[in-house]
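> Please read through the structure below; I'll follow up with questions.
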């Protein structure tokens, strides 16, 4: 039988607008040192990336509107950046932490990030954005909490757990990079980790409810999450409160974060927490333990059965910017000014495997795009170097930058014609419904990617200064440089193997199957202590590189309450899929109170993989003397359709992938009139951009492209080239608005937009793999997704113009990338330049005084 082809498209509306910061709030100061270290997440010693000696990195807890001043000292042997996954860097793309906005931090140097999570309450993550560092660690949880005067749509849980779940390789990040650089794809992962371990334990009191923040921090693999004998009440997805439906399990795709409430209402014993891979022929499974504090029985019995199919809707009474959900200004009534269709592809360019968007496989220029734009440096990028829709021509390498205008209301369609799942992320922005990425409002200088920041050199440092504005949820941070993410450096941000992985990608090969799954950096030994009868909050993030996971807890259900800063309508799940880069929060009630207390397995297993990798942790009931035992909770089967059905039950898309959640707009409000008189559904679309991902051979090596352009990083960050007006770094609109015809090529893809443009973006996936996309600094309105090839008639038939998620958009240069890290490393990314012809500090902050200058901006 021929290979099945997954035709997947996701339509997103993005509004390029501006938010003005008020008087400064409290400041928090941090100093993080990034080093190599040794850990044994899958049983054998290997090199990982540590932050302050921790793997995963420190959990970063903050209160909404606090100002974060975080100094990063790079002690690695390669340049390094961290990006803040889900934080809206309002007016501040300088802090985004990707190649296009920041020069990497050189070895033995430092850089200070300064940002503010403004009006964001939820679960997020951070991770390295450079090279394949993410495959070695460096990720962590980033949780943004509500101020005491801001209500949330659920009772305060008895505890709050962050679960960083992702696929893991025993191969080092430099070797993985060599595989990709050689033109090959990565092998199957070796396992799944929950919090960096193969088996963790979470303890709670019987009868209480706990919050679980679940993030997929893997590289490429979706997982399904479930807890044995317990339901998952979904309450938040990446900062958005959702209608609170109850699930038996949840799929979490790469880069996603979801939050569930779990009530410990079972008999006092231990239960499995399970994460298993989705859409993989070999299913990887990882288990942890939910331990009742009065448990005397270890975890036992079969792993939780497959998920249920409850249908849920967005809860418009929660997580609004104002208290009148979608009021008289509603995104569903805004006229779209432009439609952008983005089709992913996997072309071969110059004999190597690449990944592309609309035929362009992104390459990083030497100068960050943000610097080239700021200093008006020619030759770094070209605006509109990527087309607004796929053309069908061959793929090429380029620095993809798509221009949009400030205040445009754009329809973005992600068209997936491949047979793999795709996840997308947009830095600095929300989408309707999805917003995954720390939003550097008015300051893309803090984004922490090569397009905005110069890397921090070895033995030097740089301090990020940012504010998590209007974001409450589970996020992660991770290195954005090279493949550092493969060695660690990631951590939980609450409001992958060793250094050889990069060589695999550089050699043109694809990644092998991961070696395992870690939960909080361990394959099995993580434990969460709980009191029977209490409810705890579990924040689960997929910090892996490529693999989706399924998360579940033996004998318990997951009440999903938050996904990446958005409170959801609270549905209960047996397990939940969490895709790479995603974070979710669950409430888990320890209601297994009959008989003696025992421990239960917490399980994370890979999704859509053959074999399935599994990692377990322990939910330890207070008083338990019985270890978790019995069969692990059973995760969902390989079927992608099940994950899509679960997505529709949640109705609020956390990260750009498969789970759609409806928002709960009565909580976490920044202002009391959500969507007021301006509603996205009424705005005219100014432009449509269709982005198609492809995989192709370029120069004999595997590369990935967007609209036929496989992205390459220039020496100068795009942000610096733009700021200093440096020519020769990038060309605006170097990527087409739709997939062109012809072969894939290398390029520095930059799409030009205008401040206030309302743009429709379509992600078209024609490949056979799942795709995840992320846009730094922005929310999207995710208004629709489905099978087949997108066309404009789908707007009237399938778009949700009523109650999708919030908007937070500003001018700057923002990274739009695949959340599947090997695909991103091999070119499946681009940058969006939002232009305002009247520069003003009201719409974007000035370049930070401590900005690293590199490439053509070095002497400015």
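Just so it is clear, glycine is given a Cβ too, placed from its N, Cα and C backbone atoms.
Not my notes, these are from TrEMBL:
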SIGNAL    1-23  signal peptide
DOMAIN    34-147  domain 'Plastocyanin-like'
DOMAIN    161-294  domain 'Plastocyanin-like'
DOMAIN    434-498  domain 'Plastocyanin-like'
DOMAIN    501-624  domain 'Plastocyanin-like'
DOMAIN    715-811  domain 'Plastocyanin-like'
> Please work out which recorded stretch in 34-147, 161-294, 715-811 has the most C-beta pairs separated by under 8 angstroms from the domain 'Plastocyanin-like' (501-624)?
161-294
> Which whole number is the mean pLDDT over the domain 'Plastocyanin-like' (715-811)?
81
> From the DSSP assignment alone, can you count helix, strand and coil residues within the domain 'Plastocyanin-like' (715-811)?
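So the domain 'Plastocyanin-like' (715-811) is made up of 10 helix, 66 strand, 21 coil.
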> DSSP-wise, what's the residue breakdown of the domain 'Plastocyanin-like' (34-147) into helix, strand and coil?
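Split into helix, strand and coil, the domain 'Plastocyanin-like' (34-147) gives 0 helix, 87 strand, 27 coil.
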> Residue counts in helix (H, G, I), strand (E, B) and coil for the domain 'Plastocyanin-like' (501-624), per DSSP?
0 helix, 95 strand, 29 coil
> How many helix, strand and coil residues does the domain 'Plastocyanin-like' (161-294) contain under DSSP?
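Counting residues per DSSP class in the domain 'Plastocyanin-like' (161-294), I get 9 helix, 95 strand, 30 coil.
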